[in-house]
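J.: From TrEMBL, for reference:
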- 29-52: transmembrane segment (TRANSMEM)
- 45-296: domain 'G-protein coupled receptors family 1 profile' (DOMAIN)
- 64-86: transmembrane segment (TRANSMEM)
- 106-126: transmembrane segment (TRANSMEM)
- 146-170: transmembrane segment (TRANSMEM)
- 203-235: transmembrane segment (TRANSMEM)
- 247-267: transmembrane segment (TRANSMEM)
- 279-298: transmembrane segment (TRANSMEM)
Amino acid sequence: MSHWPVSNWTTPQQFVILGFSGWPQGLRVLLFALLLPFYLATLAGNLLILGLAVLDATLHTPMYFFLGALSAVEVAYTLVLTPRMLSGFLLPPGGQAVVPSTCAAQMGLFVALGGSECLLLAAMALDRYWAICRPLYYPQLMTSGLCWGLLASCCGGGSLLALGLTAAVFQLPFCHGGLVNHVFCDLPAVLVLACGNRDLQEWVLLAACLLLLVLPLALILLSYTRVLVVILGLGGAAGRRKAFNTVASHLTVAVLHYGCAMAMYARPLSSRSLEEDKLVSLVYINLTPLLYPAIYTLRNRDVQGALQWVVSPRTPGTVRQADGT
């Protein structure tokens, strides 16, 4: 329990997001100049994949439906976090003051989008499991209605968990002021400002990690383990190579996403260094979302073919044929 008087346990009138405001101005301007191209490239790459998944008829399959949905979530994720982080590099020292409702909205949107992405990656693993391990039943299993239902469940599940988690955090009493030592109102950075039973706060963070990280990751690992066993038993080298490349892309993205998330959130509050968390946030906010479209574009022949079809000159009336493999 906190040793502060109970009378001091109040919600601050405003939170101040410190970010990197204590760093020298020249270094902050340099970081802004370095990270702005990453932000623009991330938006362009994910919007490109989303556009191809919507406009190219040969990509109207469940796998690319989920890939387009994942890109849409990444675009929203980038728009929520990155502009405020970049603007913080250019503001005078002292941090950015925000009202509690804005701080809560930042946290809620971050958890909702991150949670939806975790669940979407699990849905993509389920799709690949059915496509490779149950190919005869796949068209009947993965219908358009089921795709939309899974997408709605992923987004709804992430949003409901974010709403409950954010409400639980901001109902806690605060006695350590409103200085958020992070680039946005992240869950651990706000929790350390709260008073009361620290064990309860640890359980809140543990429950969020269990629901958003551990359970979807277990499903993904089980699905891809079974998929890899089936791929190794395929007779044709071409089919085995194509299936393996697709699974490798999905698994790489899942490892990147869950690796960063578990490194950030699957740790006790008492063992955290918020300064280190801020540095790591530069990676998962700026670099990791940029790698996703690069991985899918570089390793996927269907996406490469759709992109070439869009940018290359062609005669009127020409219809592109699907790969078919």
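Backbone N, Cα and C atoms are what each Cβ position is placed from, and that goes for glycine too.
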J.: Restricting to the domain 'G-protein coupled receptors family 1 profile' (45-296), report the mean pLDDT as a whole number.
T.: 83
J.: Restricting to the same chain and to residues at least six past its boundaries, which positions have a Cβ under 8 Å from a Cβ of the transmembrane segment (29-52)?
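T.: Residues 20, 59, 67-68, 71-72, 74-75, 78-79, 82-83, 85-86, 89-90, 282, 286-287, 289-290, 292-294, 296-297, 303, 306-307, 310.
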J.: Among 64-86, 146-170, 203-235, 247-267, 279-298, which stretch has the highest count of C-beta pairs below 8 Å with the transmembrane segment (106-126)?
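T.: The stretch with the most close Cβ contacts to the transmembrane segment (106-126) is 146-170.
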J.: Should anything in the same chain at least six residues away from the transmembrane segment (64-86) have a Cβ under 8 Å from its Cβ atoms, list it; otherwise answer none.
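T.: Contacts of the transmembrane segment (64-86) (Cβ under 8 Å, skipping residues fewer than 6 from its ends): 17, 19, 32, 35-36, 39, 42-43, 46-47, 49-50, 52-54, 96, 106, 109-110, 113-114, 116-117, 120-121, 123-124, 127, 147, 150-151, 154-155, 183-184, 281, 285-286, 289, 292-293, 296, 302-303.
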